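*Asks:* Copying in the features that TrEMBL gives for the protein in this structure:
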DOMAIN    23-303  domain 'Gcp-like'
BINDING   HIS111, HIS115, ASP296  Fe cation binding site
BINDING   LEU134, VAL135, SER136, GLY137, GLY138, ASP167, GLY180, GLU184, ASN268  substrate binding site
Amino acid sequence: MLILGLESSCDETAAALVTDKREVLAHRLARQDEAHRPFGGVVPEIAARAHVEALAPLVEAALADAGVTLADVDAIAATAGPGLIGGVMVGLVTGKALAHAAGKPLVAVNHLEGHALSPRLADPDLDFPYLLLLVSGGHCQLLLVEGVGRYRRLATTIDDAAGEAFDKTAKLLGLGFPGGPAVERAAKDGDPRAVPLPRPLVGSGEPHFSFAGLKSDVARKAGKFPAADLAASFQQAVVDCLVDRTRIALGKAPQASALVVAGGVAANGAVRGALEALAGEHGLRFVAPPLWLCTDNAAMIAWAGAERFAAGLTDPLDLAARPRWPLDPDAEKVRGAGVKA
Ligand code: KG4
Ligand code: ZN
């Protein structure tokens, strides 16, 4: 089975061809860093226009790389949300048009489901259920992944996502954009114990996250300490929060057979190392996708599409894009939580 995947929900435009045998035949990606850099963050309107320009050539290039045509594809998977609505619409409409033109089924993929299932593309031995720490620029959640389409949210952030905190810290410290990799690089030359910073919610009985207070404290201390020490201390504080919160979630998910991390922040070496140690303490396997599969890409969308298609799930061509789309709509509302799903 061969699936074409499309991704355009934030600032990466991507197309990939993946088989149900876990072969990534092609994956093409265009970043928009240069377009957003002057603004220090992603500008939705600029992102949507860039997706329009980039997507069709990327699809053609991916098909050429794989040496196939649309006729060889079994289904077309496109991110249908959550994300920046303009970008999501570009990818979804493109997916619908290709599906209609080639007479192929459309599989609408939740971007978060793409991240959640991506570790199974990388690791054939990863079976359900597993505990997933999903840490990206827009989300910070702990999910029990019970099967395709079956996600139980055990925790979420009550304010910022971890990646957002990395991005804002990078901005405060003048480290540039995108922020996560810049903070990680700066942290290599700093002392993680040099600057006292808070660990919001650490020690609380529910595994939720909060990063707004940490970010504000970095803002107060910026300029008063060397940037490398601030970056290292910030990164350590995030790691401590992620590990403590994940430990609480593991206590609530004894059925989990592995600890898995996915999403852009999973590309961070300190985060990966600390979670691997935590899994070891619990005698659990630790699975983290390769770095290119952690940050946004279309292979994870194609793979989630393959898993959904194999389960008999396809979608109508009049399906609407969903800027908000929680993976677990039944999850309890968190007291004090903002608008993030
Ligand atoms: O999954 P992703 O590519 O897009 C979203 O769906 O949000 O995640 C992007 C986020 C950004 O906030 C970025 O700063 C962060 O992941 N990130 C990192 C690293 N690489 C990317 N954060 C910390 N360390 C990294 N090496
Ligand atoms: Zn993402």
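Cβ atoms are placed via backbone N, Cα and C, with glycine included.
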*Asks:* Cα distance, GLY138 (substrate binding site) to HIS111 (Fe cation binding site), nearest Å?
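*Replies:* Cα-Cα, rounded: 11 Å.
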*Asks:* What three-state secondary structure does DSSP assign to ASN268 (substrate binding site)?
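*Replies:* DSSP call for ASN268 (substrate binding site): coil, neither helix nor strand.
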*Asks:* Pick out which of the binding-site residues SER136, ASN268 has the most other Cβ atoms within 10 Å of its own Cβ.
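*Replies:* Result of the Cβ crowding comparison: ASN268.
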*Asks:* Name the secondary structure element type, per DSSP in three states, that contains HIS111 (Fe cation binding site).
*Replies:* helix
*Asks:* Measuring Cα to Cα, how many angstrom lie between GLY138 (substrate binding site) and ASP296 (Fe cation binding site)?
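*Replies:* Computed Cα spacing between GLY138 (substrate binding site) and ASP296 (Fe cation binding site) is 11 Å.
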*Asks:* I'd like to know which of the binding-site residues listed (LEU134, SER136, GLY138, GLY180, ASN268, ASP296) lie near ligand 1, counting only a CB under 6 Å away.
*Replies:* SER136, GLY138, GLY180, ASN268, ASP296
*Asks:* Listed binding-site residues are LEU134, GLY180, ASN268, ASP296; which sit with C-beta under 6 angstroms of ligand 2?
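*Replies:* So the answer is ASP296.
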*Asks:* For the Fe cation site given as HIS111, HIS115, ASP296, which other residues of the same chain have their Cβ within 8 Å of the site's Cβ centre?
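*Replies:* So the extra residues in range turn out to be GLU7, SER9, CYS10, THR79, LEU112, GLY114, SER136, GLY263, ASN297, MET300, ILE301.
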*Asks:* State the Cα to Cα distance, in Å, between GLY180 (substrate binding site) and HIS115 (Fe cation binding site), rounded to an integer.
*Replies:* 17
*Asks:* What does DSSP call GLY138 (substrate binding site) in the simple three-state scheme?
*Replies:* coil
*Asks:* A 10 Å Cβ contact count, applied to the binding-site residues GLY138, GLY180: which residue has the minimum?
*Replies:* GLY138
*Asks:* What three-state class does DSSP give ASP296 (Fe cation binding site)?
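*Replies:* Looking at the DSSP assignment, ASP296 (Fe cation binding site) belongs to neither helix nor strand, so coil.
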*Asks:* Here are the binding-site residues: HIS111, HIS115. Which has the lowest count of other Cβ atoms within 10 Å?
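*Replies:* Per-residue Cβ counts within 10 Å for the binding-site residues HIS111, HIS115 bottom out at HIS111.
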